[in-house]
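Novice: My questions all concern the structure below.
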Amino acid sequence: MVHSWKGYSTYAFGKDELLPVTNGWKNNWGGWGVTLLDSLDTLYMMDMHDDFKKARDFVETIDFNKIVGIDSISFFETTIRVLGGLISAYDLSNDKVFLEKAVEIADILLIAFDQDSGIPYTRIDVNKKTIVNEYQTSIAEIGTFQLEFMRLYNLTGNIEYYKKSQHIIDLIDKSQVPIPGLYPQIVNIYSGRLSGKLAVGGNVDSFYEYLLKLYIMHGKNGEQFRRMYEQSIDSIKEHMIYRSNKGSKLIFVSELYEGIFTPSGEMQHLACFLPGLLALGSKELNRADDLELAKELMKTCYYFYKGTKTGLSPEKVRFSFNSNEHAWGSKSENIEIINTESNDEPEFILMNKDYILRPETVESLMILYRVTGDEIYREWGWNIFNSFEKHLKTPTAYSAFRDVSIDEGIFSKTNSMER
């Protein structure tokens with residue numbers, strides 16, 4: 001953090017993103033200094049107080065009524081990076097500047113909501129104060145603002161933040177779905193109808209995460225959140241967990257094809273938030289079996305890194321498996337388990353070979369260590385960190401990587417902190 005922050009503050013302070021190879025910068029999120037906003041709570045928690053004060057003074061100058069560098073902002077990304085960063089900074093520091101700025105950006109985000117369906121559009125033209133018209137969004141995009149908006153309601157008393165949030169939870173709760181608790185990725189903004197494949201990766205992931213955290217944030221009083229979360233986890237365990245028949249015979253969570261909802265064997269790195277979520281849920285909701293699955297999936301996510309030549313994870317993999325053999329839930333009880341002894345075959349096929357500094361695995365490792373106290377998770381985290389240091393580090397920060405199967409030096413680095 002110290003290394004990256006020094007590079008950002010030297011070459012890109014107040015800009016959205018540092019270019020970590022060329023030491024340039026770009027405004028790809030609106031020009032509000034999104035890296036800075038997203039780093040506020042980390043600066044505070046790491047006792048980087050001088051840097052936090054400098055960042056705080058910059059925040060005071062931001063004008064959220066205009067954007068530069070792009071034509072429109074993402075509702076989803078702005079919520080989790082900008083609004084979330086400001087609320088976290090306020091909760092940690094109690095500095096009212098952060099709360100005032102959080103209200104400013106939240107009121108701009110309110111523009112996104114369709115007047116009839118109440119579903120937010122994906123993008124806002126801030127300069128014109130209008131939505132970018134489109135007809136569909138995703139479960140993650142409409143189900144990953146409730147923590148921020150409901151917390152802001154708690155802090156300000158503005159009921160509009162709560163009503164917008166709860167309406168979407170109720171809408172999803174009442175939606176027609178192919179499997180109870182599993183939500184197709186795509187949402188029609190006008191009708192609310194869901195469609196697409198079932199997965200726990202991109203376009204869905206953070207919604208499942210928010211259900212549990214909403215329950216916790218409400219003092220474990222929001223029974224709707226708990227019911228929806230537990231139903232989702234139970235269905236994931238029943239319908240989406242399989243075991244590879246190659247390599248270390250890893251247990252994984254498979255995407256399910258649209259329409260037929262049979263397993264594809266594909267799993268994204270984004271899905272590696274799930275072991276951490278399961279571990280947290282096992283502790284907060286007393287669900288012991290969830291922790292056992294968390295441990296299995298944590299091993300798989302670690303092997304995403306261990307199983308490549310660079311020790312970096314691909315964005316997406318495909319496993320070889322028997323689609324008739326569920327590895328968890330009631331459907332697994334009467335199945336003769338395959339030989340689980342390791343062999344020398346590759347763990348998986350690399351589908352998307354890039355690594356864009358995804359945090360899901362290391363976050364899950366931290367949670368598993370906190371919940372279990374098992375030192376293996378710190379060891380795995382250290383191994384991943386060493387791969388970062390070897391392959392991703394630049395003189396000013398860390399760069400995303402083109403192909404985790406080979407290191408071609410500077411040519412492997414994308415000169416981006418994300419893509």
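Glycine is no exception: its Cβ is also placed from the backbone N, Cα and C atoms.
The active site, proton donor annotation in TrEMBL covers Glu77, Glu315. Feature annotation from TrEMBL assigns active site to Asp205, Glu360. Residues or ranges marked as disulfide bond in TrEMBL: Cys272-Cys301.
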Novice: Going by C-alpha positions, which of the active-site residues (Glu77, Asp205, Glu315, Glu360) is nearest Cys272 (disulfide bond)?
Specialist: Glu360
Novice: Measuring C-alpha to C-alpha, could you say which of the recorded positions Glu77, Cys301, Glu315 are within 10 Å of Glu360 (active site)?
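Specialist: If one measures from the Cα of Glu360 (active site), the recorded positions that come within 10 Å are Cys301.
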Novice: For Glu77 (active site, proton donor), find which of the recorded positions Asp205, Cys301, Glu315 come within 10 Å, Cα to Cα.
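Specialist: Checking each Cα against Glu77 (active site, proton donor), there are no hits.
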Novice: Return the residues near Cys301 (disulfide bond), defined as same-chain residues 6+ apart in sequence whose C-beta is under 8 angstroms from its C-beta, sorted by sequence, else 'none'.
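Specialist: The list for Cys301 (disulfide bond) reads His269, Cys272, Pro275, Ser313, Glu360, Thr361, Ser364, given in order along the sequence.
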Novice: List the same-chain residues at least 6 positions away in sequence whose Cβ sits under 8 Å from the Cβ of Glu315 (active site, proton donor), in sequence order, or say none.
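Specialist: Gln268, His269, Met351, Asn352, Lys353, Asp354, Tyr355, Ile356, Arg358 - these are the non-local Cβ neighbours of Glu315 (active site, proton donor), listed in sequence order.
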Novice: Tally every other Cβ atom lying within 10 Å of the Cβ atom of Asp205 (active site).
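Specialist: Around Asp205 (active site), other Cβ atoms within 10 Å: 23.
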